[in-house]
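Colleague: The annotation divalent metal cation binding site is assigned in TrEMBL to HIS109, HIS113, TYR130, ASP286. For TYR130, VAL131, SER132, GLY133, GLY134, ASP162, GLY177, GLU181, ASN258, the entry in TrEMBL reads substrate binding site. The domain 'Gcp-like' annotation in TrEMBL covers 29-292.
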Amino acid sequence: MTVVIGFEGSANKIGVGIVRDGEVLSNPRRTYITPPGQGFLPSETARHHRSVILTVLKEALEEAGLKPADVDCVAYTKGPGMGAPLVTVALVARTVAQLWGKPLLGVNHCIGHIEMGRLITQANNPTVLYVSGGNTQVIAYSERRYRIFGETIDIAVGNCLDRFARVIKISNDPSPGYNIEQMAKKGTQYVELPYTVKGMDVSFSGILSYIEVRCQNKSNKLPQCIETLFSMLVEITERAMAHCSSQEVLIVGGVGCNLRLQEMMGVMCKERGAKLFATDESFCIDNGAMIAQAGWEMFRSGQTTELSDSWITQRYRTDEVEVTWRD
């Protein structure tokens, strides 16, 4: 059996997870939460990660009931993400790998989400909608690559929601997106917004400016803004499905645990006779186990990262990675 430990810290979540042959043995994490109206800066986020990462590592080992000698490989998030937090996690992972005498593996953050989603849901070959605070992409697997069929041309959907939530001082605890979702359940007024789909790509920055001007101090209208944003995502996902003749959709990333997005995507899938796969916040939101799972797949296919190559890449594209573990 192969045991891989994964370190994730590309944004405001720091997590350490351990996976053994498709079984998640432990997955503790911490979240850096700022006051309402404030985002998280890279330097402050990295400071938070440094203060708790060894505690989280200890929790992961204890929860899994393992010792360092039981681990076969150390995986870490190489990118994409925020520079200072990525460096913090990479340094710890490099140190642990050397102290324990284990191989090291740099993992693409997005592929971590995809492989964790495939593991938990047992989706076979889905069209993937990857939506988070820093990324928005529609992806499908073909010829040893995760191909990007469409993406945001400016800001991510999670960033759009988070930034406007800050304008109207919505709490960041546990996350702006979660609090927006709860408000949406009580919403009564739909706000019509610009609908910006350009081929297979989407744009959110103009919508953000529009709602900032017209909805400021009107938090009762904020939740209905997600209807337009999510409709755009459903449209480009359906178009990718048609192109690939796909009958499965997998939603991954932090925004992917939004039940309204899952509901809207589910309607589209039902109309096409397709199946929707999604996970809850324990695996949708950034976590160490997803890096461990992707690392497990990579390690089993013969991949490792030399210490001299174990840098971080803030703009690490999903389709840069050769997928050696799938047919």
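The count begins at 1 with the first shown residue.
Glycine is treated like the rest: Cβ placed from N, Cα and C.
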Colleague: Write down the Cα-Cα distance for ASP286 (divalent metal cation binding site) and GLY134 (substrate binding site), rounded and given in Å.
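Modeller: For GLY134 (substrate binding site) versus ASP286 (divalent metal cation binding site), the Cα atoms are 11 Å apart.
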Colleague: Take the C-alpha atoms of HIS113 (divalent metal cation binding site) and SER132 (substrate binding site) and report the distance between them in angstrom, rounded.
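Modeller: Between the alpha carbons of HIS113 (divalent metal cation binding site) and SER132 (substrate binding site) there are 10 Å.
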Colleague: If the substrate binders are TYR130, VAL131, SER132, GLY133, GLY134, ASP162, GLY177, GLU181, ASN258 per the record, what's the largest distance between their Cα atoms, in Å?
Modeller: 18
Colleague: Check the Cα-Cα distances from HIS109 (divalent metal cation binding site) to the binding-site residues SER132, GLY177, ASN258 and tell me which is shortest.
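Modeller: That would be SER132, nearest by Cα distance.
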Colleague: Distance check, please: Cα of ASP286 (divalent metal cation binding site) against Cα of ASN258 (substrate binding site), rounded to an integer number of angstrom.
Modeller: 14
Colleague: So how many other Cβ atoms are close to ASN258 (substrate binding site), meaning within 10 Å of its Cβ?
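Modeller: Around ASN258 (substrate binding site), other Cβ atoms within 10 Å: 25.
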Colleague: Would you count the other CB atoms within 10 A of the CB of ASP286 (divalent metal cation binding site), including those on all shown protein chains?
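Modeller: Excluding its own Cβ, the number within 10 Å is 27.
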